[in-house]
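Asks: According to TrEMBL:
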- B:21, B:22, B:23, B:36, B:87: substrate binding site (BINDING)
- B:27-250: domain 'Radical SAM core' (DOMAIN)
- B:40, B:44, B:47: [4Fe-4S] cluster binding site (BINDING)
- B:46, B:47, B:48, B:89, B:132, B:133, B:134: S-adenosyl-L-methionine binding site (BINDING)
- B:49: Mg(2+) binding site (BINDING)
């Protein structure tokens, strides 16, 4: 497929917003613009972005070319390069290669977060690849072989090879055990543990009411997770909350 | 000075606690044991660890040998190596070299946070050096030449050379301007911006009352700082709160 043809490929976009700070994982606190794609092959019980997942919201999604997306990113960021966060839904099911190449040429870097259910060669062109397999509380099942293929694709593809991390949401002890197992299976990947938000926004509501969270409950779960992790002597793990949730609740666009 | 003689040197300790997570800066979320030294050459208006600064608390400080300190760190961490956080007070005024060498030999790594008012050759043996010059709201004046000497000492000393970062507490616009100037003076150092806690614990009180913070005020200042930074297009900065303050207030020992 020629470069030109790739540029014709359309990416299904739920929202593009920022700059704000990345609220999770390895780039926490770093200014970023979010490019959120629409559509997902998973349906996690506690999904906090159903508006980018459930096809009942597809009327709100837009088909955009890589050029159009980069133009919007450049507009929002005032043309000053930063790391773009590709999120979803599952952004791995969209044709992202041209966007990454175009962005790189303009000085932008890319991180992408996916559950690791689909491996793509272009993962290797990312700066950071966050693999976020879903624990038992999600109701989903992990295909560990495909997750391994994601790591291999990122390492052996045509790009410079990204930093690859595992990020696992933990709601309870079963999730914690799952995270430990994942850490053992992928011993060479840094593990980030993140307490879950048990008060995700309802898919059908917007505004102030939908933005409300159980702050005390979220902080309580974070304290438990810190305690659980250090009590185990799991000193290579990193434990971080969803910073944006603490700052802005479930509000969208920040 | 021989290695043996160095081991005789005593370090003035305010507290050793953990493991808990590092709540600030480059290692945010990473399990760590804190070794907090007693005594400081600064007296910041909003100091949140006066019990380790003001000599009226010196009766609570203990003189310990590097071996004793490492023993306590190993005890707390169950002998499982981690990154030890050397903090204060100003830990740079204590003889830390032997502790770092002994710890390294046992698999432990060290990060140290200092205002950068005193440069030491042994900075080069650290894993992470956080230079935290104090902005106008602190009431202190920065000696930029000494701060430069700290960077040079860390880079040219006998060790492997640490990651060096600038971390600047920001309470207001004047502090923000100071941070920008510091960023321009040290263009090759990553800058971390941290909203200040305007409700630090009173030095003379302990327990629940002293642990209380103005959570809404702290979150408000964090949101302002994120907005201020991205509005400027300062995309190389990282903006992070004091995570431990959000989780545990001003409580000590976590």
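The first residue you see is number 1, and the count goes up from there.
Even glycines carry a Cβ here, placed using N, Cα and C.
Show me how these features fit into the structure around them.
Replies: In three-state terms derived from DSSP, residue B:22 (substrate binding site) belongs to neither a helical nor a strand segment and is classed as coil.
In the three-state DSSP assignment, the secondary structure recorded for residue B:44 ([4Fe-4S] cluster binding site) is coil. The Cβ neighbour count for residue B:44 ([4Fe-4S] cluster binding site), using a 10 Å radius and every protein chain shown, is 20.
The number of other CB atoms found within 10 A of the CB of residue B:132 (S-adenosyl-L-methionine binding site), across every protein chain shown, is 19.
When other Cβ atoms within 10 Å of the Cβ of residue B:49 (Mg(2+) binding site) are tallied across all protein chains shown, the result is 22. In the three-state DSSP classification, residue B:49 (Mg(2+) binding site) falls within coil.
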Asks: Take the Cβ of residue B:23 (substrate binding site) and count every other Cβ within 10 Å, whichever protein chain it belongs to.
Replies: 22
Asks: Relative to the Cα of residue B:23 (substrate binding site), which of the binding-site residues B:40, B:46, B:49 has the closest Cα?
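Replies: So, spelling it out, the nearest of the binding-site residues is B:49.
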Asks: Report, in sequence order, every one of the binding-site residues (B:36, B:46, B:49, B:89, B:132, B:134) having a CB within less than 8 angstroms of a CB belonging to chain A; if no such residue exists, report 'none'.
Replies: none
Asks: Look at each of the binding-site residues, B:21, B:40, B:47, and point out the one with the fewest other Cβ atoms around it within 10 Å.
Replies: B:47
Asks: Just name the winner among B:22, B:87 (the binding-site residues) by count of other CB atoms within 10 A of its CB.
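Replies: It comes out as B:22.
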Asks: Would you mind pulling the DSSP three-state label for residue B:134 (S-adenosyl-L-methionine binding site)?
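Replies: Coil, per DSSP.
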